[in-house]
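J.: OK, TrEMBL features for this one:
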- 36-61: transmembrane segment (TRANSMEM)
- 38-451: domain 'Ammonium transporter AmtB-like' (DOMAIN)
- 73-92: transmembrane segment (TRANSMEM)
- 120-142: transmembrane segment (TRANSMEM)
- 149-170: transmembrane segment (TRANSMEM)
- 190-215: transmembrane segment (TRANSMEM)
- 236-260: transmembrane segment (TRANSMEM)
- 266-290: transmembrane segment (TRANSMEM)
- 297-315: transmembrane segment (TRANSMEM)
- 321-338: transmembrane segment (TRANSMEM)
- 350-371: transmembrane segment (TRANSMEM)
- 401-425: transmembrane segment (TRANSMEM)
- 450-478: region 'Disordered' (REGION)
- 452-471: compositional bias 'Acidic residues' (COMPBIAS)
- 491-511: region 'Disordered' (REGION)
Amino acid sequence: HNATTTQGSQEPSIWTKSAMADDDGFVAASAEDLDILFLLISAMVVFFMQVGFSLLEIGSVQPKNTRNVLTKNIFDASVGAIWFCLTGYGVAFGKDYNGVIGTDLYFLQKDKGDMTGYEWAHFLFQWAFVATSATILSGAVADRIRLKAYMIFASYLSAFAYPMMVHWVWHGDGWLSAFRAEDRFMGCGVVDFAGSGVVHTTGGIAALVACWMIGPRHGVKFKDGKKYAPDAQSSVYQTTGCLVLWFGWFAFNGGSVLYISAASAVAARAMVFTALGAAIGGIATAIIVYAYEKQVIIGEALNGILAGLVSITAGCATMDLAGIIITSAIGGGVYFYANAWLAKNHLDDVVAAFPVHGACGIWGVIAAGLFSTPKYFKQAYNPDLVDKCSGLFYGGEGNQFLANFLFILICVSWSAANSAMVFWIMKKYRMFRVPALTEKAGVDLFLHNDNTGEEDNMDEDIAPSTEEEAEEHARMSATASGLEMLLSATQPFHGPEATDGDQLQAVSLDP
């Protein structure tokens, strides 16, 4: 992800390229052309992961919130593209200032000259990563976060919070970067090749903070250290979404070499280890779950696959096969016990975003500091630093492990502080969670109801213009007809029955 490029600002035009053709009309592709093509294809494949996230999330939520989840996934990619273009790319990859922040490339404008073809491709690839980090939060707080609250946070993450972390670790002069020419952090810089920390821990910690501040969904109960939640919509959607994510992860990890002309072996190995990490993580998780529950639970196996992927993302270019097997297998256990920890602490994470991305992201960065081999480290990073910066279990002096460990503390603190600040402001001004009536009936009914031609359209009835009308509407919703509507929109759940004291209270009807 190092943005330092060797391409000049003047590139051949299509006209001059055509003049270079041989007698048969063929033009030899340069190494730069191959790098650009590789990065463009990788960007498109990584962006296709948004389809996987969408399917996984709608499979995990209740049917009454399907359109809301899809809308959030479309919008976070959209606002991410806009904000990453305006400020995010400049913050992340602009000309460095003291290792902290970029000073040009805002609005995709350089201080001198024009963007090169490679830089255009690099922007597209990095935007696909931004969209991934923002989407992690969406599933965690599904069914109850306001759309505008989610858009505000996705904008802030794409414009500033995530790009800052990218600059520190992946910019050639970032203060935590392993690509610095001198004065590297702990003598080595951070090894986080494709983003277990930068992408997944950042998004996973934001998801944890959001779950803590917003509270559980209506209908979720906790008893004896277990969570009982409404039925998920579809295992078919969940499985399809997971497989699409697995497919996208080949480009997520392999594409992070950025230059296929110089690092084809690294890319190929990273992709092979991506396949194995997913497979081992899924099997390991299924075995652990069976040991406790005596059941093979498809949702847990799917999350185990993702846990294995997240765990090996930091070290996919520097570990050997043994390191990948150990890291992904332990990743399955990290996911399982992190998920159990959420239940014990009454935290409702709909898609297990924190266990998969946050906890396994943390483990992945630590594992890279333990299992990076000298042979593969010198292929992906500075070969002069092999003796000092290999993994602790492979003859390294411990500098790499310490750098990665301290980076995790920095990453967790940065993501938690930024997330808590934004969510606290929105919660203070009652912009964070949908009202109780909206949540029980489903956000789709109140915000995404497109049955405009039907007589029973409730758009006008459910949008009172005054506080008095809202209070009256809340009272009317407690009538038999209102309860019938709510009951028909609420899905059954497995677990303890709701108590007789459960009350329906609507303070506002604005979703």
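The chain as shown is numbered from 1 upward.
Each Cβ is built from the backbone N, Cα and C atoms, and glycine gets one as well.
Unlike curated records, TrEMBL annotations are generated automatically.
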J.: List, by number or range, the same-chain residues at least 6 past the transmembrane segment (236-260) whose CB is under 8 A from its CB atoms?
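T.: Residues packing against the transmembrane segment (236-260) from afar: 1-2, 34-35, 38-39, 41-43, 45-46, 48-49, 51-60, 122, 125, 129, 132, 193-195, 266-268, 270-271, 273-275, 278, 298-299, 302, 305-306, 309, 312-313, 316-317, 380.
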J.: Would the transmembrane segment (321-338) and the transmembrane segment (401-425) count as touching if the test is at least 3 Cβ pairs under 8 Å, pairs 6 or more apart?
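T.: They are not in contact.
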J.: Report, as numbers and ranges, which residues of the same chain sit near the transmembrane segment (149-170): CB under 8 Å and 6 or more residues beyond its ends.
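T.: Result: 1-3, 72, 75-76, 79-80, 83-84, 86-93, 96, 99-102, 126, 130, 133-134, 137-138, 141, 176-177, 179, 190, 192, 197-199, 202, 206, 210, 407, 410-411, 414-415, 418-419, 422-423, 426, 431-433.
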J.: Residues of the same chain, at least six outside the transmembrane segment (350-371), with any C-beta under 8 angstroms of its C-beta?
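T.: Result: 56-57, 60-61, 136-137, 139-143, 190-193, 196-197, 199-201, 203-205, 207-208, 211, 217, 229, 303, 306-307, 310-315, 318-320, 322-323, 326-327, 330-331, 334-336, 338-339, 342, 391-394, 400-405, 407-408, 411-412.
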